[in-house]
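Undergrad: Have a look at the structure that comes next, please.
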Amino acid sequence: MTDTQDKNYIIALDQGTTSSRAIIFDRDANVVGTSQREFAQHYPQAGWVEHDPMEIFATQSATMVEALAQAGISHAQVAALGITNQRETTVVWDKETGRPVYNAIVWQCRRSTEICAQLKRDGHEDYIRETTGLVTDPYFSGTKLKWILDNVDGARERAERGELLFGTIDTWLIWKLTGGKVHVTDYTNASRTLMFNIHSLQWDDKLLEILGIPRQMLPEVRPSSEVYGHTKSGIAIAGIAGDQQSALFGQMCVEPGQAKNTYGTGCFLLMNTGDQAVKSSHGLLTTIACGPRGEVAYALEGAVFNGGSTVQWLRDELKIVNDALDTEYFASKVKDSNGVYLVPAFTGLGAPYWDPYARGALFGLTRGVKVDHIIRAALESIAYQTRDVLDAMQQDCGQRLSELRVDGGAVANNFLMQFQADILGTCVERPQMRETTALGAAYLAGLACGFWSGLDELRDKAIIEREFSPQLDETQKEKLYAGWKKAVERTRDWEDHEA
């Protein structure tokens, strides 16, 4: 705990894939200052994605200064700082100079595909799944780190001599903000590295050996809510969580069975499973989230590949809407989709199907189908895919979802939110505060330093702007969903495997 009596603000740093943001909250969790800066995306080869870690730190530092200036407050009035970040993105730097030895390898980057294939050939897939809760995929940090050590001249030797440090973006920012004094991460970020045992809560020696990672490179792993150190200007750094886990906490989904969906380009669904690390039978990830005091809780995570991107396709490729916001109007003009289903398997299907060979399709077309029906079917597809993942989660953990909390750009679409409630048969709650990812980091930091007294105080601040209650009867709901499942089956295994 620190003395926060005269300090009435918390800063959340939200370090994302395309931009760095700083958001300042007051004691009522109102936003009083914001700043955002984009940074460059580097694509050195097809399927490769990199960021410059120095540019990430520079943009993040600048947004802090700008947000403070906008709010008209000084560092001395800030009780603590919380960090939420793009997960899995990997940085390796020289601990003496603070200079990266290579660009950050971003979560989207697929360069370590062959490393993952070799891990599977060597029979490590089941051990990785059991230990980390993750699938053997280039998405996660461990194989990215191995690639850097294997491909940057002298990196492996220097790492073994203890000269290099590894971190995800949270670790990198804290190391820079503290002037190289603190090398730390939290459990949520560690759980995304493919090197962390989510049951023992330790770096896993066998996985480090398999990947050839020197243990001395790795940060200390701590809870998501505690004081880790101080910035050079004296602000306590007191909260860390990966972006999706931070949104889960910002939505106050801290009890088992509570879930949130972030509707972005894709959709990220997380369900809190409490102290049970539930192993999925449906290809969902088992990951670490934040409990009521920022301690370790477990969650199931599933991703829908094409959510908001389906609406972008209507706008940019088909050109049947001028603005994503117009889709609500057109979808509401017709009483139903007239039997049309759009399956947006543009890049295959994610959870729970995991079919990279599926391709998108429109079904149920007749001469009576209008553009409005197709627009409606596109929005409905986002809700159907969300149900696919939530049904899998409920089957895995044996818990019934009481309500779904929502955030992200598409939640402004009232038609989509109502149809989501209808097809789930569950209330959908849209919060007044849309900045739930940054809010989660602020809450974690504020709890650690005594800025907020506890969960009850935070729950009082979680104002639901609108609740969407299901309006379809059970027969209608299941008939519509059966049509969706039939449509999905017709898209499966479409692409030739050799293609």
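The count begins at 1 with the first shown residue.
The backbone N, Cα and C atoms fix where each Cβ goes, glycine too.
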Undergrad: From the candidates Y43, Y127, Y139, give the one listed by Swiss-Prot for the same glycerol site as R87, E88, D243, Q244.
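TA: Looking through Y43, Y127, Y139, the residue Swiss-Prot assigns to the glycerol site is Y139.
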Undergrad: Name the one residue among G308, G360, G364 that Swiss-Prot lists for the same ADP site as T17, R21, T265, G409, N413.
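TA: As annotated by Swiss-Prot, T17, R21, T265, G409, N413 share the ADP site with G308, chosen from G308, G360, G364.
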Undergrad: May I ask for the distance between Q312 (ATP binding site) and N413 (ADP binding site), taken between their Cα atoms and rounded to an integer number of Å?
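TA: Their Cα atoms are separated by 14 Å.
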Undergrad: Roughly how many Å separate the Cα of G308 (ATP binding site) from that of Y139 (sn-glycerol 3-phosphate binding site), to the nearest whole number?
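TA: So the Cα of Y139 (sn-glycerol 3-phosphate binding site) lies 21 Å away from that of G308 (ATP binding site).
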Undergrad: In whole Å, how far is E88 (sn-glycerol 3-phosphate binding site) from S19 (ATP binding site) when you measure between their Cα atoms?
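TA: Between the alpha carbons of S19 (ATP binding site) and E88 (sn-glycerol 3-phosphate binding site) there are 16 Å.
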Undergrad: In terms of DSSP three-state secondary structure, what is the assignment for R21 (ADP binding site)?
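TA: Note: R21 (ADP binding site) is in a strand by DSSP.
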Undergrad: Non-local Cβ contacts of Y139 (sn-glycerol 3-phosphate binding site) (under 8 Å, 6 or more apart, same chain)?
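TA: Expected: E88, W107.
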Undergrad: Widest Cα span across the ATP binders T17, T18, S19, T265, G308, Q312, G409, in Å?
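TA: Roughly 20 Å, rounded to the nearest whole number.
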Undergrad: Secondary structure at R87 (sn-glycerol 3-phosphate binding site) (DSSP, helix/strand/coil)?
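TA: It is coil.
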Undergrad: What Cα-Cα separation, expressed in whole Å, is found between T265 (ATP binding site) and T17 (sn-glycerol 3-phosphate binding site)?
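TA: Spelling it out, the Cα of T265 (ATP binding site) and the Cα of T17 (sn-glycerol 3-phosphate binding site) are 12 Å apart.
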